[in-house]
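Below, the features straight out of Swiss-Prot:
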type: TRANSMEM; residues: 29-49; note: transmembrane segment
type: TRANSMEM; residues: 52-72; note: transmembrane segment
type: TRANSMEM; residues: 95-115; note: transmembrane segment
type: TRANSMEM; residues: 139-159; note: transmembrane segment
type: TRANSMEM; residues: 203-223; note: transmembrane segment
type: TRANSMEM; residues: 248-268; note: transmembrane segment
type: TRANSMEM; residues: 304-324; note: transmembrane segment
type: TRANSMEM; residues: 349-369; note: transmembrane segment
type: TRANSMEM; residues: 390-410; note: transmembrane segment
type: TRANSMEM; residues: 448-468; note: transmembrane segment
type: TRANSMEM; residues: 476-496; note: transmembrane segment
Amino acid sequence: MPVTMSQAFIDNFLGNSPKWFKIAILSFLIINPIVFYINPFVAGWLLVIEFIFTLAMALKCYPLQPGGLLAIQAVAIGMTSPSQVFHEIEANLEVLLLLVFMVAGIYFMKQLLLFGFTKMITKVRSKIVVSLMFCTASAFLSAFLDALTVIAVIIAVAVGFYSIYHKVASGKTFNDDHDHTSDGQKQLCEEELEAFRGFLRNLLMHAGVGTALGGVCTMVGEPQNLIIAAQANWQFAEFAIRMSPVTVPVFFAGIFTCFLVEKFKIFGYGLQLPEAVHKILSDYEAHEDARRTNHDKMKLVVQAFIGIWLIVGLALHLASVGLIGLSVIILATAFNGVTNEHALGKAFEEALPFTALLAVFFAVVAVIIDQQLFAPVIQWALSYEGNTQLVIFYIANGLLSMVSDNVFVGTVYINEVKAALLSGQITRDQFDLLAVAINTGTNLPSVATPNGQAAFLFLLTSAIAPLIRLSYGRMVWMALPYTIVLSIVGVLAIELGGLEQMTQYFYDNQIITHHSIKDVVESAVSSH
């Protein structure tokens with residue numbers, strides 16, 4: 001029976017996605033203009049929910065296409081303007097450059113990373129110890145590097161492990177070419193493969209949460225930290241000290257949670273590395289060590305020096321993150337002899353689809369701003385006073401960061417609080433305490449969903465996610481114990497007066513000094 005033109009259109013639309021998903025997206029495109037005509041505010045929230053739905057279906061269809069169609073329509077019907085979308089992208093150019101260049105830069109340091117992490121996994125047999133190592137290493141690195149950079153490193157390592165195992169389990173040798181995305185080979189043991197996928201899922205989730213634990217502590221850990229630090233006129237050390245009454249107890253609670261979920265094998269954790277897989281990885285390590293020439297050793301040395309430059313450059317903020325990433329690409333390729341354009345191009349394959357998706361995400365953020373979707377929440381939070389106000393801001397930030405980008409939420413809130421300070425609604429000391437509540441509120445509860453943490457969203461839409469069956473729902477479920485513990489410990493640190501008392505202690509001992517309103521007036525406005 002010949003295919004009609006309408007059937008061909010439906011077949012082509014969003015490719016191999018399920019039919020119900022195609023119908024859902026077409027329905028959204030029909031409903032949205034009607035709702036916008038009746039009530040723009042409701043239409044704005046509807047768009048946010050629809051966009052979250054496209055992210056949740058990331059394994060069925062990459063969110064760029066359905067999310068992009070919704071964003072294009074939002075601009076077309078007037079929910080926001082092209083100039084506002086461009087302004088959002090402009091304001092977040094550093095994040096986009098980070099994705100384009102830093103992730104590609106990490107690609108050229110893969111050999112060193114695989115070398116280090118393979119040793120970690122093959123030499124340490126205790127799953128609990130390996131999990132704690134991944135979580136604490138990610139937290140430490142995220143305090144000095146950007147969380148996206150760290151998660152890109154861990155993803156590169158996981159893809160390396162997976163492809164090595166898949167190649168050998170499919171009956172090939174380490175040196176053979178192989179497509180590790182295809183499970184058609186007869187030799188693959190399904191049970192073994194599932195256990196290994198589960199093991200990698202565990203490590204990636206521990207590492208992802210680790211980036212949040214470390215990222216909240218310093219002003220370079222997350223993009224919104226830089227914005228908040230600029231508005232409050234804090235330097236690196238002062239930022240870390242002011243955050244510590246909340247971040248230190250939260251860090252230890254997070255590490256303890258990592259231990260508990262592994263020990264009691266709950267929320268999908270506790271999956272062991274199968275013995276056969278461990279043998280393959282150990283054999284690979286021995287194989288690599290045996291055939292490593294002086295050329296290979298020199299490459300590792302060069303990559304180690306570039307790694308030192310990367311950490312120093314980012315920790316001292318010698319240039320914007322994206323530009324440091326570009327320098328990593330240039331140094332790693334120049335000194336390791338990668339001069340072929342095709343070989344260079346491979347490095348960019350992983351990050352560019354996500355960069356495009358993030359640009360679409362900023363279009364949704366533009367709608368949130370133009371339709372003032374968060375305005376009622378902010379006004380409600382400002383109606384409280386004192387310590388209660390800090391708790392309310394922490395909770396309000398946390399809830400909004402679960403559904404929206406935490407960079408955006410943090411930026412909107414700090415600018416609103418700054419406006420309240422300049423209009424005399426709050427004191428300068430209260431502003432400083434609110435800045436801590438906003439920073440911790442945007443960083444910690446946002447681990448709940450991939451929407452809030454860019455590192456989680458990058459993990460969800462990366463090449464490794466479908467290979468290890470890491471879906472949106474599974475990420476939310478595996479993040480749940482961390483979400484509960486981090487959110488509660490964070491709110492208790494503020495609620496029980498720990499933040500106010502410790503901040504007063506820092507003032508009394510002249511560890512930090514009181515700031516004036518003049519500092520805020522003079523500070524760089526990073527407003528959207």
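Backbone N, Cα and C atoms are what each Cβ position is placed from, and that goes for glycine too.
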Considering pairs 6 or more residues apart, do the transmembrane segment (349-369) and the transmembrane segment (304-324) have at least three CB pairs under 8 Å?
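Counting Cβ pairs under 8 Å, fewer than 3, so no.
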Cβ pairs under 8 Å with the transmembrane segment (139-159): which stretch of 95-115, 203-223, 304-324 has the most?
203-223
Could you name the stretch, out of 95-115, 203-223, 304-324, 476-496, with the greatest number of CB pairs under 8 A to the transmembrane segment (390-410)?
476-496
Using a cut-off of under 8 Å between C-beta atoms, tell me which stretch among 52-72, 95-115, 203-223, 476-496 contacts the transmembrane segment (304-324) the most.
95-115
Using a cut-off of under 8 Å between C-beta atoms, tell me which stretch among 52-72, 203-223, 248-268 contacts the transmembrane segment (476-496) the most.
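Answer, by Cβ pair count: 248-268.
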In the same chain, which residue numbers or ranges, 6 or more beyond the ends of the transmembrane segment (248-268), come under 8 angstroms Cβ to Cβ?
127-128, 131-132, 135-136, 139, 198, 201-202, 206, 209-210, 212-214, 216-217, 440, 444, 474, 477-478, 480-482, 485-486, 489-490, 493, 498
